[in-house]
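The structure appears below as structure tokens.
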Amino acid sequence: MEVEEEVSRWEGYSDWRNRAAVKGRHGGMLAASFVLVVEILENLAYLANASNLVLYLREYMHMSPSKSANDVTNFMGTAFLLALLGGFLSDAFFSTFQIFLISASIEFLGLIVLTIQARTPSLMPPSCNGPTCAEVSGSKEAMLFVGLYLVALGVGGIKGSLPSHGAEQFDESTPKGRKQRSTFFNYYVFCLACGALVAVTFVVWLEDNKGWEWGFGVSTIAIFVSILIFLSGSRFYRNKIPCGSPLTTISKVLLAASFKCFTSASSSNAVVNMAVSPSNHSVAKGTKEEVKSQGEVEKTRQEEAVPPQAQLTNSLRCLNGAADEKPVHRLLECTVQQVEDVKVVLKMLPIFACTIMLNCCLAQLSTFSVQQAASMNTKIGSLKIPPASLPVFPVVFIMILAPIYDHLIIPFARKATKTETGVTHLQRIGVGLVLSILAMAVAALVEIKRKGVSKDEGLLDSKETLPVTFLWIALQYLFLGSADLFTLAGLLEYFFTEAPSSMRSLATSLSWASLAMGYYLSSVIVSIVNSITGSSGNTPWLRGKSINRYKLDYFYWLMCVLSAANFLHYLFWAMRYKYRSTGSRS
């Protein structure tokens, strides 16, 4: 009975009561389905405010356009960067289950603060109809930013823990489990889009027509309900037991390798063929039979405890010295597995860096495209579409494409390539990068058309609506929506499957950090472009009295060229990358 009970347990996992997780009772698609529903509500709560926050800060808090835009960029960038903190804590000290509950509670508290402020006139600046208005300041401003950054902290923790929590529910030792995990990541992005659809349509309409307290109120209710739904799946989850700080391991290996490089140039050669487990340095004593028996037992123990790839490789050989039997200091003692784990993380960083440019394109289109659409005819029949709802186009396209990709494209690719994945993670990311190049080219062509209409109609300096439909802008959004689906889902799955098990949440959080750095990079590029093009008394490309005077088409062509160069950089690293996980090999 004890043997059967031992076999049925998930090693390294526990249930929500910290008891051993049991196969057949914990994990699987049922457990992951709770995560998918929660993500719809969580993304709704976040995007409902982020998509229209500039308007709130400008019209209700009387902030200047530049300050409000910067504050929104900082808010969104901070939220995604804090995903790294959520991922780190999930790996090091808490389970993803615990981090989600803590983070969701923090976001809930932040939304309550924002709702109270939006509903209480005395907590906002006095109403103003004149050309100049007093901006929010003092305790009122403090309350606003406390609420915003509590939301950002909560969102970061959720983004850093929830995708990993869902992916941890599947048995990666079986092809069925790996395929289900791939499906989970596809539908995770699908659920992101579902939440975004409600946010940029229904909630934006509420904020514009009923008041911001309604929008904040809906977000508050959504995050509260998400906590209840998440808790209702508690008895089905298997929660990974934290393995300690991954940053400590990375730092230790890098320091040990650095010290070894300086102290002995020959040390790394002495450990290339060392045993898998550095703790096994003693020589067995006794009869030949006893030695043989002990060796078989130790071999079995090592095979169970250490993955078969725990052997020093020739890649990044400069780190091999960290696994020396005689470390510089006992605190810098590293196992072979730790050295190889750090190598994997370092190999993933160039892939991460190559996706920042795509997110930079996303950030640019979410700002300039809205301004373009605001100058165009936004009516579809008798229905007038607010510019803040423009993201509905890529959102709907993602919702259509995600099931098609998972149920039609991938099965066909598996049959054609005779591989488990059909399309590898890096191939999928690469498709997204190509689509982002096309998106910027389309954006440039659409802007040429829009400016041509404004010139032909004599409306270059006018604020009148141009006689051209904003549906032209939808074209670049559709390309970007496709790019986002391929890249984000591919990145999440790539980081989770390739990262060492002790660093998975932190690695998965790099997907969100890429978004944050894309937003920050977009601000830097705009500043550089304006600085260079505005020299010698010229008018900067992206500044002027009217967007019709901007050289936005030139800027989009520049982004297209930068994206193409970035793709070539990506190919350099992707073609040299060797997968470590079974489910990712092509």
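Even glycines carry a Cβ here, placed using N, Cα and C.
Feature annotations, reproduced from TrEMBL:
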- 28-48: transmembrane segment (TRANSMEM)
- 69-89: transmembrane segment (TRANSMEM)
- 95-116: transmembrane segment (TRANSMEM)
- 185-206: transmembrane segment (TRANSMEM)
- 212-231: transmembrane segment (TRANSMEM)
- 285-306: region 'Disordered' (REGION)
- 286-304: compositional bias 'Basic and acidic residues' (COMPBIAS)
- 348-368: transmembrane segment (TRANSMEM)
- 388-408: transmembrane segment (TRANSMEM)
- 429-448: transmembrane segment (TRANSMEM)
- 468-492: transmembrane segment (TRANSMEM)
- 512-534: transmembrane segment (TRANSMEM)
- 554-575: transmembrane segment (TRANSMEM)
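Between the transmembrane segment (95-116) and the stretches 69-89, 348-368, 429-448, it is 69-89 that has the most C-beta pairs under 8 angstroms. The list of residues near the transmembrane segment (512-534) in space but at least 6 beyond its ends in sequence, with Cβ under 8 angstroms from a Cβ of it, reads 70, 73, 76-81, 83-84, 156, 159-160, 352, 355-364, 367, 491, 540-543, 551, 555, 558-559. Long-range contacts of the transmembrane segment (388-408) within the same chain: residues 51-52, 55, 182-183, 186-187, 189-190, 192-194, 196-197, 200-201, 204, 208, 366, 369-370, 373, 470, 473-474, 477-478, 480-482, 484-485, 489, each at least 6 residues beyond the stretch ends and with a Cβ under 8 Å from a Cβ of the stretch.
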